[in-house]
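Per TrEMBL, the features are:
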COMPBIAS  413-425  compositional bias 'Low complexity'
DOMAIN    1-409  domain 'Major facilitator superfamily (MFS) profile'
REGION    413-441  region 'Disordered'
TRANSMEM  40-61  transmembrane segment
TRANSMEM  73-91  transmembrane segment
TRANSMEM  97-115  transmembrane segment
TRANSMEM  145-164  transmembrane segment
TRANSMEM  170-188  transmembrane segment
TRANSMEM  229-252  transmembrane segment
TRANSMEM  264-287  transmembrane segment
TRANSMEM  294-315  transmembrane segment
TRANSMEM  321-343  transmembrane segment
TRANSMEM  355-374  transmembrane segment
TRANSMEM  380-403  transmembrane segment
């Protein structure tokens, strides 16, 4: 491992370890809740409890991360997450875990994970710049590791739930938090203090901490919506992430329990999506500098979004549901690299923590409601009706890029847009590409 790429390698390794554990919990936690409560609505409540503090930590934690240091927050947040999550299986086996305590512990895990993941996202561009890798290619690699984590974690969780039960899988996720913390501490150095490239808003001569905190959040919010493309992407992801949360936290687990009758089916569903996503990511990583972003983005969302929901509601053959999930993974593989590259290229380094945090929080703002609404919809109507409702919303919003000229800017850099990430020197077979905003499921 070269010294230049050491920090990037360490950061990606930590992400792979942590995300693999998280993907295992994404199968184990809803299955555990459904098995112990028998209620889709309660599974939605647990998903809401995890994601609400996660979103708040992402959105409001930027200035705090700037003060405490991104590397320090990443290490401490992962380190603290391990014992909190481990308490769930320990208390369950001791007969001391009631539903309220489960919700409380999962909410705390969500809060810590929000701080830790935001810190890693802020560390990522500096690690890429130090490595000399092209930004679009690096974000594609980063996204591919996330898909690989699903490919590894989801089916493994299904098998382990059958063999050891869901609490044991949650314990393994706790171990993954600990390992990720150690990897970042050992391999990722603290970045140098950024040079401020955007003048701060006028402030009182001696502002209180609260006023300073709000002013810094305001700077991030103003920058976030200064570009209409960035604002449009954030709104689109608000809706698609809400629907994705409904799918992953309630609709798919309920389908696996009531239709397929096995946690292994839930793992296979996630794995089929991940296989498609990994294959698509490999192709996009190689072709990223040469493919049109707008066409890739628009078609990918249409292919990868609504069909998954329709399959759960209307298709009764498991192989067909898995095939549709695989094709959806292919379609969505390029979305995150495109959005991630544009985001990092447009945001000044001094504002990156608060802008990324706010953008992430807004685009993920519907996620807590996604699981909650899907759970109650599935209980009050049927899981199939709930899948059709959320699939219809997904289809409606992903048609938007085809109708609005704003989205054509995906293929063009913003005029005069800041370039906080130094353009890596292109290799012989690539040129630096322009880039954009958030993250899908």
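Glycine too: its Cβ is placed from the backbone N, Cα and C atoms.
Contact between the transmembrane segment (97-115) and the transmembrane segment (355-374) is not supported, since fewer than 3 Cβ pairs fall under 8 Å when only residues 6 or more apart in sequence are counted. Comparison of 40-61, 145-164, 170-188, 321-343 by number of C-beta pairs under 8 angstroms to the transmembrane segment (229-252) places 40-61 first.
Remote same-chain residues near the transmembrane segment (294-315) are listed as 240, 243, 247, 251-252, 255, 273, 284, 321, 324-325, 327-335, 338, 383-385, 387-388, 390-392, 394-395, 398-399, 401-402, 407-408, 410-411 (criterion: CB distance under 8 Å, separation of at least six residues from the stretch ends).
Only pairs six or more apart in sequence are counted, and the transmembrane segment (40-61) with the transmembrane segment (264-287) gives fewer than three Cβ pairs under 8 Å, not enough to call it a contact. Model confidence over the domain 'Major facilitator superfamily (MFS) profile' (1-409) is summarised by a mean pLDDT of 85.
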